[in-house]
Amino acid sequence: MFSDYASRFLAQSRFSSVDQRNFKYPTSRSNLQSVSIDRNSSIDSHETDLSAGSSSLHGLNSLIDSGSIHWQLREQEQSNSHISRNENELFSKENSIYNGNFSENLGVQPNPQTISHESVNEEYTELPYDAHLPSEQKVPDRKWGLTFGFLTLALFTYSFLMVWRTNPNIPPATSPYAAIQKAFPLFHKDAIICMMLSVIWLFCLVAIPRFLYFLLASVPLTMFAFAVYLLKASRIHLETSIQPKLMLLTGIILLVAPILLSYYVWRRRIHFETSFNIIRLACRVIADIPQITLIFISFLFSFYVLIFIWVRLFARLFLRGSTLVGSVWVLPRSSWVLASFYSLHFLWLCTFFHALQCAIISSIVSQWFFYRDTKSSATKTNLVSHFFYHVVSNQYGLCAFSSFLVVITKVPLHFLPTWLRHVSRIVYYMFSKTSASYVTSPLTLAYASIYSVPYMNASKALYQIEQLNRVGLRRRSYYFSKYTLLAARSLLAIGVGVTSWNYSIHENGVFYGYIVGLLGGFLAWLIIGAIEGGLSMIVDALLICSIIDISSCQGDPNGSHCFEAWQLFESNGY
């Protein structure tokens, strides 16, 4: 009995001494120093009481049998834990006062009205709300959602008026309208094939662990095969057509791309295992919540319907105000200007649907990440339907604003020279005080949808996070996993575009076959994006939830809600 007491007392004394040695008190903080003095005095008083109790009894055996030792140890442990909690609270409040960020109203979610550039870090460490608990319904960026709705309604109204006023039987077979109309059966076949391949691809990722290695190895080989195919097809002799030259140029690009891709993969071969494990963790989320596949399939069919409605309306533009000169169909400049506006709005519309999908998936992943072990009577189907309704009804403005910023910021930067990109980023930073890379990042939309805050506030929050250093992040496993998923999407889009282009040349005319190829590739890009993009959205949401979790548990893996995510993102430096 005495040995048990002695070992327990020595262990507790050693733990207390180690804790006191490791705890560093700030020299300029009087509150914490007073707490330290009170703690030492309370420990001394407990030791005095223990020695007094020992001397007052008649023997060691009676002291041990009385049970006072156990009572005193429990009292000391409770008092020490209470003092530790007070110290932590005082330390956090004093830090907030010292930094000028202290606020009396501490909520679970960031306040979209009071969030500022200086206080985003403290609000970022708070966990998102539980979907099973009642919460305040907020509609961030509502005016942008209404603006997007009015513009879409106006554009479709004009399109239906144009359909009513134009005659599809006038143009000859060499017009763009005739080429697009003849390619519609091919588009339907390509869309069905893309949907089947995307579903099979997702099933293989979830069911076959080593499928990613096969996918990464097949990308350069398939691109090389497409390059040889285009170089061979460019030998056809077509007068008054630039398509052989375009085929030759595209074939050369596809011939050089596998070499650059192989070099990039070889230099980052050390990130193979970590990046593949990140994708496997995303597949685990799908396996735990299989209802996410219903979100994927619903957006898959939404893109399918949207594309074919828009393509038919877009083809009607080439009937507007046209005149026939000989056998050539001449288009006025206004038709090309309207076609440009149609293309930009369609790009905004597709990005809006993509943002809706990202917001829904990010909310579901955050619920799985933080509350998957919480007992609740709600089923997973109810959870998915709740977030679907919440995003569609309350976050449509957020999705509209984020998609608008992506279209006007990210798309032009891809076509500008390098020096103009730097100049545009500087000008953008002068007006928004935030880097353009954070404004167009999918991580910003994931954070904004999880906390239901305005989009610009979310970009400011991410701008303050040290873990998201954009310079170092591009060299890490997170981006390699994203590029692996993007490679599969690009491969299918290139394949569909090349086959549509070649089919249009040999079967339906030669003058505007490249338009058919571009539409076919864009069709495949959007359809496979509903699956591949959804998996990439899960990876983004896991990264955001991991950063929130790491900030809330102060980097301690024992306090993490998902140890696998902490091991993949924090221990490997993302």
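Glycine residues also receive a Cβ, built from the backbone N, Cα and C atoms like all the rest.
Checking Asn502, Asn558 against Swiss-Prot for the annotation N-linked glycosylation site singles out Asn558. Here the transmembrane segment (291-311) touches the transmembrane segment (189-209). Their Cβ atoms form 3 or more pairs under 8 Å, with each pair 6 or more residues apart. Of the Cβ pairs linking the transmembrane segment (485-505) with the transmembrane segment (144-164) and spaced 6 or more residues apart, fewer than 3 are under 8 Å, so the two regions do not touch. Using a Cβ-Cβ cut-off under 8 Å and counting only residues 6 or more beyond its ends in the same chain, the transmembrane segment (189-209) has close neighbours at 279-280, 283, 286-287, 293, 296-297, 300, 304, 307-308, 488, 492, 496, 499-500, 520, 523-524, 527-528, 530-532, 535.
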